[in-house]
Amino acid sequence: MKTIRLMGTTALAVLTGLTPAVAQVTAIGEGEGEVSIVAWAGYIERGETMKEFDWVTKFEADTGCKVSVKTANTSDEMVALMNEGGFDLVTASGDASLRLIAGGRVQPVNIDLIPSWATVDDRLKDAPWHTVDGVHYGVPYMWGPNVLMYNTDAFKDAPPTSWNVVFEEMTLPDGQSNKGRVQAYDGPIHIADAAQYLMFHKPELKITSPYELNEEQYKAALDLLRVQRDLVGRYWHDAFIQMDDFKNEGVVASGSWPFQVGLMQSEKQPIASVIPQEGATGWADTTMMHVDAAHPNCAYKWMEHSLASNLQSDLSVWFGANPAVLAACTDGRGMQTAEGCTANGLDDFDKIRFWTTPVANCAQGEGACVPYYRWVSDYIGVIGGR
Amino acid sequence: MTAPAILPERGPADRLTAFFWRRPRVFLALLLAPPLLWLGVVYLGSLATLLWQSFYSIDEFSGMVKEDFTLKTYAELLRPANFDVILRTLLMSAAVTLGCALLAFPIAYFAARFARGRWKAVFYLGVMLPLWSSYLVKVYAWKLILAKEGIVTWAAEATHTSGLLNALLALPVIGGNSLSTSYIGMFMVFVYVWIPYMILPMQAALERVPTSMLEASQDLGASRAQTFRTVILPLALPGVIAGSIFTFSLTMGDYIIPQIVGNSANFIGMAVYQLQGTAGNIPLAAAFSMVPILIMLVYLTLAKRAGAFDAL
């Protein structure tokens, strides 16, 4: 009931145009003994999946803050969990972070209290998905591309070079059609992947950003997704069900995360991945702090830990992603190396279009773009065959 | 002065008993309070809260619930994409109910009429056994059985009936790339999971059909088909309807099977789960969950008219 009332007042504040003035933390005190984090699967590892991947145990020993993790599968789920409350931190992607800021669910972070802030990659320090009007609402965590994962048996010697294998019907190098053998992401943000594909193949649509689509561009993207609907047997949102579908359902190509690619390769499956010619969408995640975080001191300690420890280096190996701290690639604090970072796409930063929440007021003008809530309902429609 | 009656000193328990004896209504109220509290506050109360939420709406960018009374959320239900979800769920529930009834009737009939002694025990065990294992385990097992590279495909290849399977999967709408990504597969899993709930009430109803009536029907010259149509079926109908209430409502509310088997198209249960859990759109989720409640109310009214509850 308290949360409901709280959500009510916050909604009211947003409605009346009042941004709730939230005071930043000004000093870090003793830890409160615990910290709870909403995170993507595989983001917070304590050596239970694989012994050598552990960036929690030492933090708990050093600070006395016990870490509890709630994993979320989609950005919408993260926003919903943060709206419910009861968590201290969230590793939010760009399509969630701005919504969290607008909804008043996260508080500004005082970067003066995070000594390692200076080591953060300059490309990420003032990134628009966590910095609003010069105020930082979080600490960069990790970023990476959404790669095209494929089965090397099906593609033989001709690995895919374009996203067309998941968007248009065609015969794959193994002689069979791709119909029913590809997957797509079960989240509205996948519309951006379609838009990015059109950006490359239909320049006459004049798409400049896959997250800023006017009605005409948006309609073209949906039409492409309707073609894709006929090719896709099942959409994926759970990384482990997707891996099962690649093993037992005959799925041979899909947009995916480096996480699944790495895990399946470690199981000796015939799997590889590529960033096709059209480029890729990507995620850049930020550790953000809940406006009512019950354990602010432990939360600040974790944010510092996330930048300073072996976390950045080992997580980038584990997840196949890129650290927010460049030194993590080279200074040997973990297992990552300069070559590893290059392989994960550290130098492709400019080719990746990072997830951001689509809003009505965009670079094309006031109210010119289709906002996110329509992406949600229309994507449900497309999957339902409409 | 009369001498006091020679009675033992009364303890607190005795006095309590006497109190309840003098005031039977208090005793009744105390006995009924816990179940009524459970039903009234915990169950109906939370249901009412849910219903209330459906009259709110959501701020479309921040995803926060706006606590103003509005019917906007119900209007959203009628949008084609959402209406599809309702229609899809209804059709699947009806198909599953019909499939369960057709499959369950011979089994229930055999158990009620012919199974005796040990066979009866085998029947009960056979029907109940699947209910004892975890629902999730069963559904995941079915996903593997029906998978493109699963047992069914393998068996079809081994028996040279792949053509038949492919023809089935080539059917428009209900077909698909493999059984596990098609409506046919989902239908099979639903029927498997819910069929015990159809067999048991059906068997109970069939057992109550008196043998004397069947004999009378035969004596009067009715053929077997006529006896079945005019005597057995009408008398067993309440059992069929009682069973259909289970299969229909269980299918309508399920959200696990459509997530694991099928082609990702939303069902009501899934829509509710996604809307409240992942999209944070509790008003629309609440409006969606009103749909099965209303449908079941209509269904129960019709079932009552058909006499499904007369035997209760």
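Numbering starts at 1 and runs along the chain as it is shown here.
Just so it is clear, glycine is given a Cβ too, placed from its N, Cα and C backbone atoms.
Database features (TrEMBL):
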type	residues	note
TRANSMEM	B:26-52	transmembrane segment
TRANSMEM	B:85-110	transmembrane segment
DOMAIN	B:86-303	domain 'ABC transmembrane type-1'
TRANSMEM	B:122-145	transmembrane segment
TRANSMEM	B:183-206	transmembrane segment
TRANSMEM	B:226-248	transmembrane segment
TRANSMEM	B:282-302	transmembrane segment
Range from B:26-52, B:85-110, B:183-206, B:226-248, B:282-302 with the greatest count of C-beta pairs under 8 A to the transmembrane segment (B:122-145): B:183-206
Surrounding residues of the transmembrane segment (B:282-302) on its own chain - C-beta under 8 Å, 6+ positions past either end: 50-58, 65, 73-74, 76-77, 82, 85-86, 89-90, 245, 248-249, 252-253, 268, 271-272, 275-276
Same-chain residues at least 6 beyond the ends of the transmembrane segment (B:226-248) whose Cβ lies under 8 Å from its Cβ atoms: 93-94, 96-97, 100-101, 104-105, 108, 194-195, 197-206, 208-209, 213-214, 217-218, 296, 299-300, 303, 306-311
